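Trainee: Grabbed the feature section from TrEMBL, which reads as follows:
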- 29-39: compositional bias 'Basic and acidic residues' (COMPBIAS)
- 10-123: domain 'Transposase IS4-like' (DOMAIN)
- 22-43: region 'Disordered' (REGION)
Amino acid sequence: HLSRKGQSLRGGTIVDATIIAAPSSTKNKQGERDPDMHQTKKGNQYSFGMKAHIGVDDESGLVHHVECTAANVADITQAHKLLHGKEDTVCGDSGYTGLEKREEMKRKRKLRYLIAEKPSKLKQIKNKRELKLA
């Protein structure tokens, strides 16, 4: 479909997720909360709702995959569903740390992973640099 429109997917995919908040008091006709919605914590803030996981072409910015889950589902567990299969690079934030070690990713062809470090790891690196400078 994209090629007919003059668009194509390039060599890399950026993976990310965002929380879609819903009021925690939202209930269905049976008086129950939607089983697909859950509570999650990001930093010091709690949210209730769902999560949209997206795969985006790193050059064109086109969204090529979307997966919706409960908000408490870890980003890394959905990453393999967000790839189009032709990319050679996967980019993501620290929520995807260790992605290359996951069984479902080992089955894919050789990929280059550009994953941001976790904040605690960056702090350790900064502290080591400060020690060397002292």
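Using N, Cα and C of the backbone, Cβ positions are placed for all residues, glycine too.
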Trainee: Please indicate, using numbers and ranges, the residues of the same chain that are 6 or more beyond the region 'Disordered' (22-43) and have a C-beta under 8 Å from a C-beta there.
Mentor: 49-51, 69-72
Trainee: Could you give me three numbers for the region 'Disordered' (22-43), the DSSP helix, strand and coil residue counts?
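Mentor: Taking the region 'Disordered' (22-43) as a whole: 0 helix, 5 strand, 17 coil.
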Trainee: Please work out the helix, strand and coil residue numbers for the domain 'Transposase IS4-like' (10-123) from the DSSP assignment.
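Mentor: Here the numbers are 23 helix, 44 strand, 47 coil.
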